[in-house]
């Protein structure tokens, strides 16, 4: 036992030496990069690299999955409230004064690359020529006009989306919404083998674009604080932010949740509210809220020990998942940021660059900070508040007659008999937005659709109706053209189908 203890001590000593060497080498490389920054970017780059250094330090300290599975418990009953209960309280007469304390923040760092688009994802057209950003501005403008309030919109951009977004913002200069932007940090990607940055200088254009990345939306706390915008908004009397992904079309300002925050029934305000919703089979990978060491904690699939992944995915044990619609007190962000007390697990995101080089990105997620705030709460909201558009399959749903558009908000059509959306799976020929648009002369009627699978070279004519379960498969080399005006109800279509005008 003595020799075993000695060898363990030796191993940990050896690991400590290696860790110190890695940190020293990283510091040397980062100093070299910093020395290439032009004077007008020096302060900003320094803050970014300091933040990265802290994250890298933690990355070297941590071992294995960051949760001890034995300590995970179901959250206490009252820590996740049903939305119906919060709605039942109604609204006060002075809802405008409550709204004036709110800031809407949209996470706008992502590019539309997964849908084959260049530039910010928020500028993809989703409905009647309106982009994600258009719909967001319309929603807030409608609020401000209806209640005579001044709810501002804040966009957290990344270095990938900042220029294009700022250009487009000019078109809203006459709208009744103040729009602010700040940038999330820019961190260096690291070589998986050497654990050193692949960037040699601060530039991020041309061949250097692949050297840098935005470190996930958990970066919002530090970047918001560093930008000075947090203090400005507190100075204007703002108290809460409502944060959500810009591609979640269900994430609109909810007056009942806001009222619950501002006028809590027990008199004690929550600093952090996470909207969760019930899992379906499609959401098994979503992060879930648990009780861990007497605090609400968000557990993501990446943190789960391999032996427990199936249990984590089970819909019966973990019934809810995080929608990433969050309501957070501004004063609490300021307090925790100044104490350096926001603790988020590190997500290690491996990537392979175009040239074949394996790199890792160290990231954090905004919801993971829930355990650092006081008096946190989960609210189990209807599924309609989670309507993300990640793929063209999602895009087909939101463009269709399943939804009606009113003042920037999409609501499920009353003509649909079921409250759930159909399951849609479009094949690889539809992945890119421009290919997808080319394959639909008009969006089919989907009010009575349950399930749609499309694979291969398939096009849809005008005014097609889809009902029940429809499966359309064109084998390799075949092509299927669904003719204009066709009604497909509970049909499987395969082989070749072309109807030509004569």
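Note that Cβ sites are derived from N, Cα and C of the backbone, with glycine treated the same way.
All protein chains considered, the CB of residue 184 (UTP binding site) has 27 other CB atoms within 10 Å. Annotated UTP binding site per TrEMBL: 121, 184, 216, 247, 390, in sequence order.
In the shown protein chains, 24 other C-beta atoms lie within 10 A of the C-beta of residue 217 (substrate binding site). Positions annotated as substrate binding site by TrEMBL: 217.
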Relative to the Cα of residue 217 (substrate binding site), which of the binding-site residues 121, 184, 247, 390 has the closest Cα?
184
For the binding-site residues listed here (121, 390), tell me which residue's CB has the most neighbouring CB atoms inside 10 Å.
121
Long-range Cβ list for residue 216 (UTP binding site), cut-off under 8 Å, min separation 6+ in sequence, same chain only, gives 347, 349, 363, 364, 365, 366
Any idea of the Cα spread of the UTP site, 121, 184, 216, 247, 390, as a max distance in Å?
21
